[in-house]
Amino acid sequence: MQKVFDSLRKADIESAERHDMRDGFLMENAARGTAEKIKALIESGFCRTHKPLIQIVCGSGDNGGDGLALARMLADYAKLIVVQVKEPKSPLCKLQAKRLCSVGIEVADTIAPVSDILIDALIGTGLETQLNEETIQIIEKMNAVKTAAGTDAYGIAIDMPSGLNMQGIPSPVCFQAECTYSMGALKTAFYSDYAKDFVKRIECIDLGIPRSVYESAAEQSDRTAVLEPQDLCLPVRKKQNTYKTSYGHALFFCGEKEGACCLAASAALHFGSGLVSLCGNKPVPLPFDFMFNEYALTQPLQAYSAIALGSGLGEQYTENALAFLQREELQNMPLVLDADILHQPELVRLLPNFRKTVLTPHPKEFASLLRSAGAADADVQTVQENRFALLRNLSKEFPQTVIILKGANPLIAQNGTIMINPLGTNALSKAGTGDVLAGLVTALLAQGLAPFEAAVQASLAHATASRFAVSSYALTATKLIELCAQLPELIIKEDD
């Protein structure tokens, strides 16, 4: 995993003032690091020619200065079109324009219609207001180059796609990058759900600043990180002398839509839980893999290792579910709460009683949780525009509770710490996949993982499995369960 920062501006200022990195030191390092990435891309045979046509569109600020410095360093490796769409304003942009002129590289003022590689150095992280009409037209022309007939321009954004702000919210027009080079460290804005369609692949450029400088300058330096493929740790059975309850007994509460509960239960069974039982509304027919305990709601619960409730619950079974959640035995029981139960205002009153609980809301369910906790104006749009802040605050309000906020980039939080999972695909946009996630979490809890670790690993497995879908539109919840069960073999084949 890698740490992620809300803003790097304070670290850049500190580096310049305290560590004597003035006079464009960071900009030169940014350009040099970016040039090395692009040269490696060219040498890999990615482009149609060994000397591709690279167009760099530069703005008037420091991001434009990055682009001008980059042009100077790529001059021997590509056919260059350097476009200065606005007169340089920042001191460093003016300096880089002067340096570029001194080495004889010409600068155009209009965007060419074709490129092999199109580099966006227009705005970067400097977007603080709405785009004006002139800037909108520039971004539209840049995007038109990427889709022009006879070209397949590869879009690279320097630090941030133009039109995307530091909250990860895109303007009505935003540059469509295939790759975003982040200067110095990763930024939270890259991982909003909205940003995923614009930043695409994200790579870091080393500016020559020690990571400790970023961490000391950032208020949330130790609280947010992005997960990587190597962070996945699948269930492993090492001992041979075991039996089914060695790997946990998971109990699932069935409601009106018992199919949702059966999907979650099946996911738990396929992900290592040794035994799975159902209670509540008995499915007809009862799947052969499961037991049904009609007395589970009133019997002692010591036979179970983890309990899941909410998937397909419906209104008819809500009263029974809330009554069940008030049992004292649940205070130390690993518990997964999903779907319909998350809309119940009474749940917020009960949460402090539980010590090992994982909630798995999608944005609408999370908005319900926020309203129950006192945020009267919370809706889905509010959630999506403020995912990190709202999740961090709610997780601090209920520090014992782990929350997986589902989305294009799921966020896993506990007591202010947030893990970002960017590995999933749009194949997961299908009914039932959320129930599968609840089942995966329950399975890992039943096998003894701590709630936060269970949530992280279940989310990683869920996302990773989606990458093996045959096509983005064909994945079903049942197929997703099969892929989760096959992950060890699938990952080995991919590595080979």
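Just so you know, glycine gets a Cβ as well, placed from its N, Cα and C.
DSSP assigns ASP159 ((6S)-NADPHX binding site) to coil in the three-state reduction, outside any helix or strand. The (6S)-NADPHX binding site annotation in TrEMBL covers 62-66, 124-130, ASP159, ALA260, GLY312, HIS362, ASP435.
There are 28 other Cβ atoms within 10 Å of the Cβ belonging to SER162 (K(+) binding site). The K(+) binding site annotation in TrEMBL covers ASN63, ASP120, SER162.
If you look up TrEMBL, you'll see GLY434 marked as AMP binding site. Shown in sequence order, SER311, ASP338, ALA339, THR360, HIS362, LYS406 are the residues of the chain, 6+ apart in sequence, with a C-beta less than 8 angstroms from the C-beta of GLY434 (AMP binding site).
Sequence annotations record features per position, and here TrEMBL assigns domain 'YjeF N-terminal' to 8-215.
According to TrEMBL, the feature domain 'YjeF C-terminal' maps to 227-491.
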Taken over the domain 'YjeF C-terminal' (227-491), the model's mean pLDDT: 94
Residues within 8 Å of the ASN63, ASP120, SER162 Cβ centre (excluding the K(+) site residues themselves): VAL57, GLY59, GLY67, ALA121, LEU122, ILE123, GLY124, ALA157, ILE158, ASP159, MET160, PRO161, PHE175
Inter-residue Cα distance where the pair is ASP159 ((6S)-NADPHX binding site) and ASN63 (K(+) binding site), in Å: 8
Residue among the binding-site residues ASP62, ASP120, GLU128, ASP159 whose Cβ has the most other Cβ atoms within 10 Å: ASP120
Binding-site residues listed as ASN63, GLY65, THR125, HIS362, least Cβ neighbours within 10 Å: HIS362
Three-state secondary structure, ASP120 (K(+) binding site) (per DSSP): strand
Cα-Cα distance linking SER162 (K(+) binding site) and ASP62 ((6S)-NADPHX binding site), given in Å to the nearest integer: 13
